[in-house]
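*Asks:* Grabbed the feature section from Swiss-Prot, which reads as follows:
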SIGNAL    1-19  signal peptide
CARBOHYD  ASN37  N-linked glycosylation site
DISULFID  CYS40-CYS66  disulfide bond
CARBOHYD  ASN65  N-linked glycosylation site
ACT_SITE  ASP217  active site, proton donor
DISULFID  CYS219-CYS236  disulfide bond
CARBOHYD  ASN237  N-linked glycosylation site
CARBOHYD  ASN252  N-linked glycosylation site
ACT_SITE  HIS291  active site
CARBOHYD  ASN316  N-linked glycosylation site
DISULFID  CYS338-CYS344  disulfide bond
DISULFID  CYS366-CYS375  disulfide bond
Amino acid sequence: MQVKLFYTLALWAPILVSAQLSGSVGPLVDFKTKAKNKTCDITDYGAVADGKTDVGPAILDAWGNCSTGGLIYVPPGTYSLATDLELKHGESTAFQLDGVLARGHEGSYQLILVRNCHDCEFFSGNSQGAVQGYGYEYLQDGNYGERLFRFQDVSDFSVHGFAAIDSPAYYLVFDTVSNGEIYNLLVRGIADLGMTDAFDIWGQNVWIHDIEVTNGDECVTVKSPASDFLIENIYCNLSGGTAIGSLGTGTNISNIHYRNLYMNQADACYLKTHNGDGIVKNIVWENVIVHGGPYPLAVNEAWGKDVGSTGVQVQNLTFRNWYGENTANSRPAIRIECDEDVPCYDITLDNVNLWTEDGDYVEWSCANAYGSGACLQEAKDTGDLATYTTAVTVTATPSYSATHMPGDFTTNPPSTAPFTIPPMPTSFYPGATPISTLLSLSGAGGL
């Protein structure tokens, strides 16, 4: 198990963590202090936990009174949310979701938008809070609805402790965020439809850890621009997997560290571009277990629609301590195919052991990629890299043992009925203890 170095300076202080982070993450003031300053219980503003009455106006009124220096409290119970929420301009605020917000209408873009918020925390105090999207009502017919969450222009923040269930589209989007901690979260939904990304994140200095995802598209995905991310203890349990991209013009991604990734029928690395421009550099994927997935380790610079321009420069990627297998040997277990106009370089595969669930050989495919390991060519001078394409057939079975998680799904969840909200998981990677324990508060702020 990879040793993690972290220090808690005080109950109310942000956390300092090692690896790729560039500074402290999390709220500047703890939720208990905010609750002592002022608490706005939504039932005092007319909210009724009957699963029918729209709770939106009560939440907006509570936010208006407590969004500066206070805590908004959603007590246990099921509340119908028939209003798209825009929670904006929060300053030193906390939102404690101990009940269930159930989508009660056909909305437009996202059910809950948190924007322009500094020193804020969105969390469940009893670790039983959830947002129920009833996405099956759309998805069973091949249609899509609104996203569940968007956090936009948020800094010095944390999001933790609740479940996002059955979204009609994307689950959680983190748009231009900084100095954040995202952890102890569960995403559970239909696993056979795209456009249902669980976590799409771009920004600076973000720690994502202890996450479980079941969905039909990407699990934890880094978008551009992004820098100084630590992503660890990730359990993609029937999902598209962890990815970077897709990328376009002006790409700027650097200093991203993935570690302790567990993939059940999911891909651990899919870096995808098709032309575009800019740079991706200094990325590490280490301590990875893959059980199934079409492309467990893939860099594909001819993916999807051609967005024009000269190509994205990809450099200094490290893949270390990988174990597992893909679903079919008709697809390369290792695929590193870079743009012929801007070849990749400084790519390192160190102790990568990937086999297949189907057959007695695997393929490796490399194109215009330089470094060490698999089918990569060595570069003597990165200033003048020739184009090439090569494929290697491997028949020698690697010697390794890759643990299975007891919670692995073997069949897709049903797509024609509401999801039961499961309890929060307590394990996200074999042998790794979650970094932060689940909260078990009673009442607002645990006071």
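Every residue, even glycine, has its Cβ placed from backbone N, Cα and C.
The shown structure was predicted, so the numbers you read here are calculated from the model rather than taken from an experiment.
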*Asks:* Select the most exposed residue of CYS219, CYS236, CYS338, CYS344, CYS375, where exposure means the fewest other Cβ atoms within 10 Å, treating these as the disulfide-bonded residues.
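*Replies:* The disulfide-bonded residues CYS219, CYS236, CYS338, CYS344, CYS375 were compared, and CYS375 has the fewest Cβ atoms within 10 Å.
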*Asks:* Any idea what the Cα distance is from CYS219 (disulfide bond) over to ASN316 (N-linked glycosylation site), rounded to a whole Å?
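*Replies:* Their Cα atoms are separated by 23 Å.
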*Asks:* I need the CA-to-CA distance for CYS236 (disulfide bond) versus CYS344 (disulfide bond), whole Å please.
*Replies:* 27
*Asks:* Name, in the order they occur in the sequence, the residues of the same chain whose CB lies under 8 A from the CB of ASN237 (N-linked glycosylation site) and which sit 6 or more residues away.
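*Replies:* The answer is GLU212, VAL213, THR214, ASN264, GLN265, ALA266, MET405, GLY407, ASP408, PHE409.
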*Asks:* In Å, rounded, how far does the Cα of ASP217 (active site, proton donor) sit from the Cα of CYS66 (disulfide bond)?
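*Replies:* Pair distance, Cα basis, whole Å: 36 Å.
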*Asks:* Starting from the Cα of CYS40 (disulfide bond), work out which of the recorded positions (ASN316, CYS344, CYS366, CYS375) are within 10 Å.
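*Replies:* Candidates kept after distance check: none.
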*Asks:* Distance between CYS366 (disulfide bond) and ASN65 (N-linked glycosylation site) at the Cα atoms, whole Å?
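*Replies:* For CYS366 (disulfide bond) versus ASN65 (N-linked glycosylation site), the Cα atoms are 58 Å apart.
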*Asks:* Taking Cα atoms as reference points, rank the recorded positions ASN65, CYS66, CYS344 by distance from ASN252 (N-linked glycosylation site) and give the first.
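*Replies:* With Cα distances computed to ASN252 (N-linked glycosylation site), the winner among ASN65, CYS66, CYS344 is CYS344.
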*Asks:* Cα-Cα separation of CYS66 (disulfide bond) and CYS338 (disulfide bond), in Å?
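*Replies:* Each residue's Cα considered, CYS66 (disulfide bond) and CYS338 (disulfide bond) end up 51 Å apart.
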